[in-house]
Amino acid sequence: MASGGLTCVKYLTFFCNLLFALTGLLIFLVGGMVQLNYAHYSSFVSDHVWTAPIILIIVGAAVAVICFLGCCGALKESSCMILSFALLAVVIFLFEIGLGLAGYVKHTGLHQVMECQFNSTMQHYKERADYRDAWTLLQTELDCCGINGPNDWETIFRNSTLPAACCSLINLSEAKECTNVHATQHGCLQKLLEILDSKTLILASVVLGVAGIQMLTILFACCLYRSFRRSYDHV
């Protein structure tokens, strides 16, 4: 029979595993929400940046599977399962740290990347229907116009006409088409960048909280493994 100290560590490890599983669910949900709510802006952000939500979904699912090993190992007092859980948890932890560092590095150059994507989609606005749809959605949802303002569209249309999405409301007695006079003067690049910046802070906070819980779980798992080994050695 396990000693009182071993029993305490065992159930602490089991409890931390449940928290670990919740962190996996949290990562999964955050990745899913970002993908669901902002995937339609992917035309304005490079592909390597937009793979982050997909990676979060995969990591969240992996954490949930790994927690099964930890919970079973703690309840069955299996040192092999606990060791496997601890090693896999360390791999996930290091992967998350690497993902966070990579995200920080990529974030520092996000403005330049987005500006390049904005220019590319605008230059091909007339040729590609998907870009036209993307610009219509972006300008409608964010109540913005052009990259830095409505004047950006002059190089595309070669006249004073603007996409209808630039004008949220037109008085038909004054004009029948959207022009600079009626268009919103806010550019879309800065607005979208502010949204992504705010979401980055949320993601960073989530990752820090998750990393703390995961590190605690790994430490308890290591203690439990040592306790199991000592118990078996005495037997």
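Glycine is treated like the rest: Cβ placed from N, Cα and C.
What TrEMBL lists as disulfide bond is CYS145-CYS167. Per TrEMBL, transmembrane segment is recorded for 12-34, 54-75, 82-105, 201-225.
Long-range contacts of the transmembrane segment (54-75) within the same chain: residues 10-11, 13-14, 17-18, 20-21, 23-32, 34-35, 81-82, 84-85, 88-89, 92, 95-96, 99, 217, 221, 224, each at least 6 residues beyond the stretch ends and with a Cβ under 8 Å from a Cβ of the stretch. If you look at the transmembrane segment (201-225), the same-chain residues 6 or more away from its ends with a CB under 8 A from one of its CBs are 6, 9-10, 12-13, 16-17, 19-20, 23, 26-27, 30, 34, 70, 73-74, 79, 82-83, 85-86, 89-90, 92-93, 96-97, 100, 103. Non-local neighbours of the transmembrane segment (82-105) in the same chain are 13, 17, 20, 52, 55, 59, 62-63, 66-67, 69-70, 73-74, 200, 203-204, 207, 210-211, 214-215, 217-218, 221-222, 224-225, 228; each lies 6+ residues outside the stretch with a CB under 8 Å from one of its CB atoms.
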